[in-house]
Structures are given as structure tokens and as C-alpha cells.
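J.: Take a look at the following structure, please.
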Amino acid sequence: MGCMCIAMAPRTLLLLIGCQLVFGFNEPLNIVSHLNDDWFLFGDSRSDCTYVENNGHPKLDWLDLDPKLCNSGRISAKSGNSLFRSFHFIDFYNYSGEGDQVIFYEGVNFSPSHGFKCLAYGDNKRWMGNKARFYARVYEKMAQYRSLSFVNVSYAYGGNAKPTSICKDKTLTLNNPTFISKESNYVDYYYESEANFTLQGCDEFIVPLCVFNGHSKGSSSDPANKYYTDSQSYYNMDTGVLYGFNSTLDVGNTVQNPGLDLTCRYLALTPGNYKAVSLEYLLSLPSKAICLRKPKSFMPVQVVDSRWNSTRQSDNMTAVACQLPYCFFRNTSADYSGGTHDVHHGDFHFRQLLSGLLYNVSCIAQQGAFVYNNVSSSWPAYGYGHCPTAANIGYMAPVCIYDPLPVILLGVLLGIAVLIIVFLMFYFMTDSGVRLHEA
């Protein structure tokens with residue numbers, strides 16, 4: 001067979017090259033893109049076309065987003081902000097948007113470089129864990145809903161104590177959840193307190209449920225000067241379902257025993273009437289919620305890694321949060337390196353990654369975006385849209401429904417290849433027999 005290949009090389013070279021082209025065609029691209037015009041992007045300064053500065057830089061040079069998309073109406077972005085930052089802190093931007101295919105390129109504006117801690121001897125790593133859990137919930141839910149926005153949550157508290165701000169660090173002040181001060185008629189924090197709140201107007205709500213995980217010491221107004229173990233819960237008064245957890249760590253808020261900080265879980269709650277209950281220490285309850293509306297057929301979100309140049313410390317919490325099957329993560333292998341604006345804005349590789357938003361593709365999958373829906377040498381994993389060699393892959397089930405056109409095309413190509421090989425074998429065998437007879 002090897003000798004035959006050598007003899008056939010001039011005639012079979014084109015056939016072999018043709019097969020190579022067919023089976024190396026339509027590779028997945030490392031971009032974020034969309035199947036149609038029903039898409040939306042949540043971002044920060046790298047996609048904020050409204051940001052204004054007067055420092056002599058070229059207009060829009062801070063963008064990773066192509067400026068052609070500035071007037072698309074499909075972008076909600078704010079310089080210096082993020083969904084997580086707006087959710088928890090006074091520094092708020094009213095993110096809102098709707099689409100079938102949702103893309104996130106934000107998160108870096110709350111990172112280890114900010115070093116936020118709730119208390120003087122708190123733990124920023126606890127906040128990185130909060131960030132990961134927050135985005136995991138957001139990504140999971142936005143694979144099932146079209147619309148995301150923020151809403152305020154009002155509450156009714158029967159006591160005399162007022163809200164207090166106990167989580168402040170540098171420029172950030174926490175206001176979600178809200179903490180209720182100790183009632184003046186109690187000498188310590190060993191008492192049960194509660195407040196009612198109502199969630200209405202959305203299909204689901206993402207709210208924080210947080211505790212100070214460790215041993216909290218009472219304030220200077222607490223004569224008992226004791227340590228307390230935080231315990232918080234939300235009770236759905238309509239369904240009877242209780243959500244809650246307690247402090248579990250043996251840490252405090254002192255130089256000798258640091259680490260006490262807020263640990264949050266992010267609940268997806270249905271509309272209804274709720275009661276927030278604290279069995280010890282400070283009562284907390286949500287003041288803001290992410291409003292989820294308009295359920296849709298399952299469509300994974302796409303998340304672009306949001307990080308600084310290596311001169312500033314970043315985290316990988318959006319990558320931790322972005323898990324299959326509800327999320328596809330996109331990144332580059334190089335350090336983020338900005339151009340004319342500064343090192344943190346205008347990276348060439350991230351601009352290439354976001355350039356996929358300029359056009360539609362046929363298929364979005366774990367490996368990337370497939371431009372065409374005919375054939376590919378890479379099988380789309382968790383593919384959505386009209387994917388090469390296969391149509392939609394169902395949720396949680398890697399079983400493909402074959403698209404007949406690519407299969408027929410492959411069959412035709414295979415049939416032609418077999419016929420050509422048989423013809424060439426017959427031709428050379430006949431030619432060899434004639435020459436042998438003449439010899």
C-alpha cells in the first residue's frame with residue numbers, strides 16, 4: 001500500500017489536500033458572539049461608551065468593545081463599577097438589560113487590589129468567596145431568564161432601633177444587606193429580632209443572606225462586653241420555607257485573632273412575604289435585589305475574564321463562578337496590556353475577543369463560536385444554535401440531534417472519495433498489468 005501511495009502521489013495529492021481542508025474547516029473561534037440580534041452585554045469602563053474624560057487621549061481609546069456597537073442599545077456598562085459592587089455597596093449603577101444571549105465582561109472593579117474588609121481585622125478572602133458565589137448565582141439564573149435589573153426592597157421593623165453602617169473600608173460602604181442596631185432597652189445582643197419584607201414584581205429575586213462568620217464582640221454600648229455568634233434566616237410566610245445559616249468559624253476582630261468578616265449566600269427567591277429573623281447579634285435583611293424576569297429556553301451565558309494588567313492584583317472569581325452547563329468562559333493567554341489609554345484599558349487580544357459581537361455566528365459552544373453550520377473537525381461541546389454536524393445539544397444531556405444536511409454532505413464527500421480511490425486503484429492495476437504483459 002505504501003508503494004501505491006508513492007505511485008499515486010501526483011494524482012492523489014489534491015484529494016488528500018481536499019480531505020485535509022474539509023476536516024480542518026470551521027474551527028471554533030475564541031470570541032464572544034451571538035446567534036442573532038437578540039443579545040445583551042453587561043460591562044464596565046471597557047465597554048462604557050458614555051465615559052467622559054479630558055486628558056488628551058483619543059476618544060473611546062479605553063474601550064475593548066468596538067465603538068461601532070456604542071449605539072446598539074444592547075449594552076449596560078459603567079466605568080468603575082460592576083454588578084457585585086452595585087449589589088452590595090452605596091456606589092451604585094442601575095444595571096439593566098434584556099436578551100436571549102447574555103454576555104458579561106465586568107467584575108474587576110471589586111478585586112483584591114481594593115482589599116475591602118468589613119471590619120478592621122476582617123478578611124478580604126471572605127469577600128472574594130462572596131464574589132464567586134454571587135456571580136455563580138447570576139450566571140446560573142441568566143441562562144434561564146432574559147431580563148436583569150435592580151430593585152429596592154422595603155421592610156417593616158417593629159422596634160425603635162435604626163439601620164447602622166458597620167461595614168466601611170476606604171471608599172466603599174456596604175448598604176446591602178441592611179443592619180438594624182441593637183435596641184436600647186437590651187443590655188446585650190442576646191435577643192431575637194425580626195422584620196418583614198416583601199418581594200414582588202419579578203419572576204425571581206437574587207438577595208443576600210449574610211452572617212459575620214466568627215465571634216463578634218458587642219459595641220462600646222454593650223456593658224456585657226461579650227462575644228456573639230451570628231445567626232440569620234429568612235422565612236417565607238406564604239410557603240413555610242426557611243432559609244438560614246449560623247456562624248461557624250473560630251475567628252475574631254482583634255490583632256491577636258483576626259478574620260471576622262461577612263460571609264454571604266445568594267438566594268434565588270420567588271415573590272412573596274418574608275420575615276427576616278436574627279437569634280443573636282444584629283438583624284440583617286436585604287435592601288436591594290436583582291430582579292429576574294421573562295423566563296427563556298436555556299441558553300448559557302458567555303463570560304469574558306475581567307482582570308487588570310499584572311501590575312495590579314486581580315482574582316479569578318468570575319472563572320470560578322462560570323461553570324457548565326450554564327456558562328461559557330472566554331479568556332486570552334497573554335497578560336492584559338492596554339494601549340494608548342493606560343495598561344488596564346484597550347488590550348489588543350481582548351478587543352479581538354469582543355470583535356465577535358460585530359456579527360452573528362451559527363453555533364456557540366464550550367470551545368468557542370462556530371461561524372458556519374456545515375462541517376467542522378471539532379465537535380461542539382454543549383453547543384447551541386445551528387452547530388456543525390449537529391444541531392442543538394439539549395440541556396444537561398450531551399445527546400445530539402443530527403442536522404441532516406451536514407450528514408448528507410459528509411456522506412456524499414465520503415462516497416466521492418471512495419469512488420475516486422476505487423477508480424485510481426483500478427486504473428493503476430490495469431496500467432501495471434498492461435506494462436507487465438508488454439514486457
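In case you wondered, yes, glycine gets a Cβ from its N, Cα and C as well.
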J.: Just choose from C70, C118, C264 the cysteine that Swiss-Prot connects to C167 via a disulfide.
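T.: According to the record, the bonded cysteine is C118.
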J.: Choosing among C210, C322, which residue does Swiss-Prot name as bonded to C264 by a disulfide?
T.: C210
J.: Just choose from C363, C400 the cysteine that Swiss-Prot connects to C387 via a disulfide.
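T.: According to Swiss-Prot, the disulfide partner of C387 among C363, C400 is C363.
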J.: Swiss-Prot tags one of N109, N374 as N-linked glycosylation site; which one?
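T.: Among N109, N374, the one Swiss-Prot marks as N-linked glycosylation site is N374.
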J.: In angstrom units, rounded to an integer, how far apart are the Cα atoms of N196 (N-linked glycosylation site) and N152 (N-linked glycosylation site)?
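T.: Here the two Cα atoms lie 14 Å apart.
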J.: Which has the fewest other Cβ atoms within 10 Å: N94, N316, N374, the glycosylation sites listed?
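T.: Result for the glycosylation sites N94, N316, N374: minimum number of other Cβ atoms within 10 Å at N94.
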J.: Determine the minimum-neighbour residue: among S45, N246, listed as recorded positions, which Cβ has the fewest other Cβ atoms within 10 angstroms?
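T.: Checked S45, N246; of these recorded positions, fewest Cβ neighbours within 10 Å: N246.
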J.: Select the closest residue to N309 (N-linked glycosylation site) from the following recorded positions, measuring between CA atoms: S45, N152, N246, N374.
T.: S45
J.: Could you check the glycosylation sites N152, N196, N360 and say which one's CB has the fewest neighbouring CB atoms inside 10 Å?
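T.: So among N152, N196, N360, the glycosylation sites given, the one with the fewest Cβ atoms within 10 Å is N152.
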J.: Residues with Cβ closer than 8 Å to the Cβ of N331 (N-linked glycosylation site), same chain and 6+ apart in sequence?
T.: V304, D305, A319
